[in-house]
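Among the features that TrEMBL reports, domain 'ABC transporter' is placed at 98-338. Here TrEMBL flags 442-463, 475-499, 519-542, 554-575, 582-604, 703-724 as transmembrane segment.
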Amino acid sequence: MASDLPFLGSREAMELQEFSRKPKRNVSRTLGELLQRVGDSTGDNNPPSHQVFEVDHDPVYQPAASMPFVLSFHNLTYSIKVRRKIIPSCFRRTVAHGSSGNVMEDKSGFKVLLNNISGEAREGEIMAVLGASGSGKSTLIDALADRISRESLKGIITLNGEILESKLLKVISAYVMQDDLLFPMLTVEETLMFSAEFRLPRSMSRSRKKARVQALIDQLGLRTAAKTVIGDEGHRGVSGGERRRVSIGTDIIHDPIMLFLDEPTSGLDSTSAFMVVKVLQRIAQSGSIVIMSIHQPSYRILSLLDRLIILSRGQTVFSGSPVTLPAFFAEYGHPIPANEDRTEFSLDYIRELEGTPGGTKSLVDFNKSWQMKNPRISHTNGTRQSLKDAISASISMGKLVSGSTNVDSNLSSSVPIFANPFWIEVLVIAKRSFTNSKRAPELFGVRFGAVLVTGIILATIFWKLDNTPKGVQERLGFFAFAMSTTFYTCAEAIPVFLLQRYIFVRETSYNAYRRSSYVVSHALISIPSLLVLSLAFAAITYWSVGLAGGTSGFLFFLIFIFASFWAGSSFVTFLSGVIFNVMMAYTVVVAILAYFVLFSGFFITRDRIPAYWIWFHYLSLVKYPFQGVLQNEFDDPSKCFVRGIQVFDSSPLRAVPDEIKLKLLKSMSKTLGMNITSSTCLTTGSDILKQSGVTDIDKWSCLWITVALGFLFRILFYVALLIGSKNKRK
């Protein structure tokens with residue numbers, strides 16, 4: 001497959017000649033074939049200070065026999081409900097007067113973001129959507145990329161004349177968000193390689209995947225940065241332009257048929273922006289439809305664009321080739337001065353019209369008449385291919401690398417939804433998570449430090465507890481604090497998913513992997529760290545405190561500590577999937593865990609809890625491990641905790657001399673009709689368990705319930721991801 005090969009032959013640095021026109025090609029090349037022709041500005045050992053590329057700049061791309069892919073959209077309309085703000089009467093007239101030119105909000109309280117937008121994007125071309133902030137650029141891109149609910153979006157979107165299903169669109173397209181959502185501690189090469197592991201099929205060997213990644217690195221001009229980490233605010237990494245090109249690379253690794261980009265040049269300098277758009281031109285020439293929004297392209301970037309749609313408050317004010325802009329405004333009556341930039345003049349003039357009472361209505365109407373007088377000429381040399389035939393042809397030429405070799409009549413099922421099976425996705429996600437954790441060990445270090453310090457403090461405070469009544473109370477306090485600590489330290493894991501949430505949404509929106517794969521991998525990758533935390537805490541506290549049971553008791557205590565960490569980690573993970581704000585998530589976790597501790601049975605026993613609160617007692621995550629370790633400690637029937645005069649230790653008579661206590665015991669013996677001496681056992685472990693109200697569920701059941709609760713919260717986390725990560729506007 002040509003698209004799997006790295007660069008062949010030597011690289012040459014050639015001068016860019018803008019607006020030079022070369023003969024139209026007769027064969028549609030794949031991305032891999034184009035990769036072999038792209039110059040690498042960093043390829044020489046002693047690179048010059050300035051290098052430019054050759055641009056094969058065709059105003060209209062033309063394949064051999066027909067136009068395989070044509071994305072058409074007609075009368076796209078989208079509006080949202082606006083919440084009315086209470087405005088004092090003295091300001092209403094001013095506000096109304098100031099918004100008289102706003103055509104986006106109707107009288108029914110709906111704000112119109114798109115208003116009857118129509119157009120066409122073709123394979124081999126870049127279609128750019130221009131407009132000022134709030135004009136509807138991103139909304140139109142979202143509408144075409146199926147990121148707006150079909151119930152809310154009115155209009156028709158077709159590919160080669162056939163209605164485009166959401167399921168199929170996710171498979172054959174990619175969407176590059178405005179923000180660069182990347183893992184900061186991965187290198188450029190690792191980021192693209194993990195994307196290849198997700199997007200490319202299992203049938204493709206690892207060597208071919210590596211070759212594809214290396215070719216893509218050269219095409220994106222990232223060779224010198226290949227071994228550099230992406231970086232963030234705390235770690236120095238690649239530049240902004242390089243980061244943007246990496247974002248694009250992660251989404252085109254599988255050579256999609258359609259590529260949507262939301263302001264890919266935002267925040268970049270002119271040179272970096274030009275390089276990004278030049279890469280997009282190459283992608284389009286490989287046989288893709290490229291649709292992007294851009295705020296205000298430079299003169300050089302404009303020369304790379306094939307078609308423009310300029311929006312103003314959700315309406316089309318211009319649609320056509322960039323070269324027709326001067327003629328358009330000249331016929332409208334406002335010609336573009338010879339010494340001014342075309343797009344800058346156009347956007348400035350549109351902004352002026354928006355401030356007038358009539359708004360841009362006259363320009364919108366003129367554009368409609370202009371389109372009727374100057375219809376776009378079809379460049380097809382034959383009958384347009386059906387969608388099925390076009391996809392089959394593209395796959396046979398190396399595009400849409402998905403493991404499918406043919407396309408049947410059911411398009412949605414012929415191309416696999418996911419490139420890899422479930423278990424491959426789990427392994428790749430786990431490998432990536434492990435790599436990230438290894439390079440950013442701070443989070444685990446904080447948790448391990450907290451557990452270590454807590455264990456040492458508990459071991460030194462509760463050092464070698466005895467079997468006296470005071471020792472019993474101290475044991476109860478130790479278990480209550482120890483079990484609650486395992487849950488509170490899990491709160492440190494809140495940022496783990498919240499920091500990855502938008503990366504997860506971006507990757508799953510276009511079927512890089514299954515949500516279930518992420519949930520399972522997230523759970524598996526957490527087990528080793530939880531085992532380390534459990535072993536450290538149990539080893540520090542068990543023998544230091546003097547807990548009962550020997551080796552078997554220690555193993556059971558260790559298992560319960562691990563189960564508590566597992567349930568707590570799952571609970572926190574579930575909340576991070578529901579609550580998106582870090583500070584709010586911390587507040588909710590701390591509050592709920594406090595309630596769990598309150599109703600665990602330590603502060604108030606089960607039989608003393610009011611009936612209307614007893615349900616919360618059984619919902620408490622702390623109840624089951626607390627009850628289990630108590631039963632593990634006090635289930636030995638031969639062990640006595642209160643003998644003879646020790647019965648007075650928990651009463652005001654504890655200060656009385658032992659001789660008097662013995663006389664009191666004799667008096668009590670006569671009264672009760674039984675012999676009570678200083679060695680008589682009055683309280684066993686079973687009595688303590690009954691007094692504590694922890695005999696309703698045995699310790700093994702408590703263990704399985706704790707483990708099951710961990711699985712339950714993982715399932716709820718999966719449900720939260722299904723509901724909350726659709727990434728669609730309503």
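In case you wondered, yes, glycine gets a Cβ from its N, Cα and C as well.
Keep in mind that what you see is a predicted model, and the values were worked out from it rather than measured.
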>> Does the structure show the transmembrane segment (442-463) and the transmembrane segment (554-575) touching, where I'm treating 3 or more Cβ pairs under 8 angstroms (sequence separation 6 or more) as a contact?
In response: no
> In the same chain, who gets a Cβ under 8 Å from the transmembrane segment (554-575) while lying at least 6 residues past its ends?
Replying inline: 482-483, 486-491, 493-494, 496-497, 522-523, 526-527, 530-531, 533-535, 537-538, 542-543, 547, 585, 588-589, 592, 621, 625, 628-629, 632, 699, 702-703, 706-707, 709-714, 716-717, 720
>> Please report, as numbers and ranges, the same-chain residues at least 6 past the borders of the transmembrane segment (582-604) whose CB is under 8 Å from any CB of it.
In response: 476-477, 479-480, 483-484, 487-488, 491, 494-495, 498, 572, 575-576, 613, 616-617, 619-623, 626-627, 692-694
